[in-house]
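Asks: Right, I'll just put the structure down here and ask away after.
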């Protein structure tokens, strides 16, 4: 199998740089298209950053491959759940509790705090049910579901592959 000849460090570097690249693309779209991210969007952004750093840690410390791939998979599963919930909110906006109009949950409190500390990166000003941007008929939340599923599959492959630093 040709993939097994690629060093594990390269796989982790791809994961890390890919996730950080997704954050950069999201920031560019937000700025250029004047999009207003919601608390769930910002939390997904935070998860992409965390997975990116886990990938870079795997690049620097490839001996911890099992730990790094498990962390990436766990964060990916969490991201998948958040993105799927936002996708549901966008599909059924009449049934969805809108972010910001109820008592804040742990995610909203974290996002609010991050937004005060680094507003250009983490300030949530949008609504979770809005579909302001679409590509090929899929909203950004829909794309995040697919991307997080891919990250989980990628992390599982990193976990089960033969060790080759």
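Quick reminder: no glycine exception, Cβ is built from N, Cα and C everywhere.
Given the structure is predicted, the values throughout are model-derived calculations rather than measurements.
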Asks: Membrane side check (same topological domain name in Swiss-Prot): residue 5 and residue 63?
Replies: yes
Asks: If Swiss-Prot is the reference, give me the range from 32-46, 47-61 marked as transmembrane segment.
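Replies: From Swiss-Prot, the annotated transmembrane segment range turns out to be 47-61.
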Asks: When DSSP states are grouped into helix, strand and coil, how many residues of the topological domain 'Cytoplasmic' (62-66) land in each?
Replies: 5 helix, 0 strand, 0 coil
Asks: If I take the alpha carbons of residue 41 (disulfide bond) and residue 128 (disulfide bond), what is the distance between them in whole Å?
Replies: 8
Asks: If you measure residue 38 (disulfide bond) to residue 128 (disulfide bond) at Cα, how many Å is it?
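Replies: One finds 5 Å between the Cα atoms of these residues.
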Asks: What else in the chain is close to the topological domain 'Periplasmic' (29-46), if you only count residues 6 or more beyond its ends and a Cβ gap under 8 Å?
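Replies: Contacts of the topological domain 'Periplasmic' (29-46) (Cβ under 8 Å, skipping residues fewer than 6 from its ends): 23, 79, 82-83, 85-86, 89, 99-100, 107-108, 110-112, 114-115, 121-128, 130, 132-133, 140-141, 144, 148.
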Asks: Including all protein chains displayed, how many Cβ atoms other than that of residue 128 (disulfide bond) lie within 10 Å of its Cβ?
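Replies: Result for residue 128 (disulfide bond): 22 other Cβ atoms within 10 Å.
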